[in-house]
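S.K.: So that we are looking at the same thing, I have put the structure below in structure tokens.
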Amino acid sequence: MNSLVALVLLGQMIGSTLSHHLQSHVDCNGEDAEKWADMAVHYINEHNLHGYKQVFNVINEIHVLPRRPRGKIIILELKLLETECHVLDPTPVENCTVRPPHYHAVEGDCDVKILHDEGVDKVIGAKCHSDPDSVEDVRRNCPKCPILLPLSDPHVVDSVEYVLNKHNEKLSGHVYEVLEISRGQHKYEPEAFYVEFAIVEVNCTAQEAHDDHHHCHPNTAGENHIGFCRATVFRSHASLEKPKDEQFESDCVIFDVKEGHAHSHLIEHHIGNYNTSPGHNNTVLNLAHSHNHTSASHESHSHEHVAEVPVAVAKREVPTNTPHDHTHPVKLCPGKVHHFKL
């Protein structure tokens, strides 16, 4: 019994010590908070292997922990939103359009660790979990708006292949293959399937590209041509076969990947596999929002090892003692909504 009491007291002492060192009262709308959030999103976009570039929407919480022998660890809890720029798009994220709610927006919850040492801040890790807005909410606000489909849906895959074949037929001496399917939606009135996908130029002829026994490869480093396509393929309600002569609208933009481009390594990551982005409702760094419930788990951490208090204890606790003054404390978090709330 005495041992049990001693263990309880020891736990209370440790908890009290951690609570004392944990600084939770950081203004989520302050200049430092905004600077840290921008740094975190830049890090996430640089390490994103799939899907779309992100912007931060809300700073949910900030925790500051001591780090031995010096410095501190800053833990940000962020909500991000998907833009319309694919990760391979060289457009600066500041110039990318945030995907609006009526296009079935996707939100990410991210925990980001930042090391602050001798006046220098450095992101040392990030973990993100993404979810699309619910179908019910989309339909409640816009009954006829397009709804996200699993990227493995046959209509999505067939539409991508159909549009890419049509695109290759128009080109002379250039053949492209799919790098990644990143979005698929079902449209209504008229019935159609909307798709977005990344492509890369390969060293095959058109005939070789249709040969299942021939393996195409991207052009040599420094000569890669990558692009991104948005397309709508119109289908009848009863049509379940692969599209043949359906009407379609497409817009494919081709980028030149310069040697040393930050994302040139992604081509080798993708090519050789028929890729869809990883699924949502999983812990993923890349926030790729494939909406296909596939299993994916990616975390990013620098190789630097830091001594820190475990993240699991970095949660704000409800005080056990009620303060005697009757003034209402200023609510510092969450911060303001920068775009819209899902």
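Here the Cβ of each residue, glycine as well, is placed from N, Cα and C on the backbone.
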S.K.: According to Swiss-Prot, the disulfide involving Cys110 connects it to which residue among Cys85, Cys128?
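M.R.: So the cysteine that Swiss-Prot bonds to Cys110 would be Cys128.
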S.K.: Disulfide partner of Cys85 per Swiss-Prot: which of Cys28, Cys96?
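M.R.: That would be Cys96, the partner Swiss-Prot lists for Cys85.
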S.K.: Counting other Cβ atoms within 10 Å of each residue's Cβ, which of the disulfide-bonded residues Cys142, Cys145, Cys229 comes out lowest?
M.R.: Cys142
S.K.: Among Cys28, Cys128, Cys216, Cys252, all listed as disulfide-bonded residues, which has the most CB atoms within 10 Å of its CB?
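M.R.: Of the disulfide-bonded residues Cys28, Cys128, Cys216, Cys252, the most buried by Cβ count within 10 Å is Cys128.
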S.K.: Roughly how many angstrom lie between the C-alpha atoms of Cys204 (disulfide bond) and Asn95 (N-linked glycosylation site)?
M.R.: 34
S.K.: If you count other Cβ atoms within 10 Å of each one's Cβ, which of the disulfide-bonded residues Cys110, Cys333 has the most?
M.R.: Cys110
S.K.: For each of the glycosylation sites (Asn95, Asn203), count the other CB atoms lying within 10 A of its CB, then report the residue with the highest count.
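M.R.: Result for the most crowded candidate: Asn203.
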S.K.: Going by DSSP, how much of the domain 'Cystatin fetuin-A-type 2' (140-253) is helix, how much is strand and how much is coil, in residues?
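M.R.: Split into helix, strand and coil, the domain 'Cystatin fetuin-A-type 2' (140-253) gives 23 helix, 43 strand, 48 coil.
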S.K.: Mind telling me which of the disulfide-bonded residues Cys85, Cys96, Cys204 has the densest Cβ neighbourhood, counting other Cβ atoms within 10 Å?
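M.R.: Checking each of Cys85, Cys96, Cys204, the winner is Cys85.
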